[in-house]
């Protein structure tokens, strides 16, 4: 009986599935990464073992020491690395090198990585990138290189690039031509750099069809000129912008979210907001406005307005909603006016006649 049990145990071990490492890193990527994982996991059903010729195991790329490799994802984060690891697997699609001490990206660091889809190299000490370092990466769509010591935007970025996150570096200049040929790019995050208006050269964004641009926490004194007219979201929070003039927003007809909070804005010229007919969300909190911006009643799709923490002393009955029989196509679902020196008990109820719910109005915290 003992022999029989031993034989059964051996048979179970022989036919057991190989160990599969799971869940070592749940990197939140888009549908592109999910598709790559599905492709890796897909099969065509069981194949009789007798039909498979014995040709030996194919050569395999070794995982760099200390890294973890799984489903073409190579994770080398938090290892104290001072340079890009050598001999990375050639089929790598996602390379994570964040939270290391890498200081430089050399010419051949990514040689052979022709299938790389995303490179995450956030929070290192990179100050130098060879002009030809990205040449092999002809399929790369996402480059996350924030929190480094870069003083300029890398040159010769892959033409396939869709998303660039380069915030919290030391970049002071966006030269004309640095984004040349990047026709697929739709998202740039470059806040937290010491950028001034004069540092953005005329034509720097020419040819780009961006949907999203963030230049927050910089040193901008006004809304930059010549940004892509295709923008859906523009975030310029935490700068030093003092005024919005009529022509500043004249080319952004597709904009539906505008972030201008935490600036020094005192004045918004009449008609400035009329160029954005599809705007849905407007952030003007933490500025120095003394009144509600003109033109809000004419914005048929506007739903959210942040005006808290300003110097607004009065709110008129027609400051938000259309006059008479004018109709909004979308009612407000969020208006914030708290922390202003306006006596909220003096505001007429009809002021908010085009708000979906009274709970959507954030008032109170009266500031003298």
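Cβ atoms here come from the backbone N, Cα and C positions, even for glycine.
Copied over from Swiss-Prot:
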- 1-16: signal peptide (SIGNAL)
- 63-69: disulfide bond (DISULFID)
- 67-76: disulfide bond (DISULFID)
- 151-171: repeat 'LRR 4' (REPEAT)
- 221-241: repeat 'LRR 7' (REPEAT)
- 242-265: repeat 'LRR 8' (REPEAT)
- 290-312: repeat 'LRR 10' (REPEAT)
- 313-342: repeat 'LRR 11' (REPEAT)
- 321-354: disulfide bond (DISULFID)
- 343-368: repeat 'LRR 12' (REPEAT)
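There are 17 other CB atoms within 10 A of the CB of residue 354 (disulfide bond), with all protein chains counted.
Neighbour density around each Cβ, counted as other Cβ atoms within 10 Å, peaks among the disulfide-bonded residues 69, 76, 321 at 76. Among the disulfide-bonded residues 69, 321, 354, the ones whose Cα sits within 10 Å of the Cα of residue 76 (disulfide bond) are 69. Between residue 321 (disulfide bond) and residue 63 (disulfide bond), the C-alpha separation comes to 62 Å.
Annotation for residue 63 (disulfide bond): spatial neighbours 69, 74, 89, criterion Cβ-Cβ under 8 Å with sequence separation of six or more. In this structure, residue 69 (disulfide bond) is part of a beta strand by DSSP. There are 19 other Cβ atoms within 10 Å of the Cβ belonging to residue 67 (disulfide bond). A gap of 56 Å separates the Cα atoms of residue 67 (disulfide bond) and residue 354 (disulfide bond).
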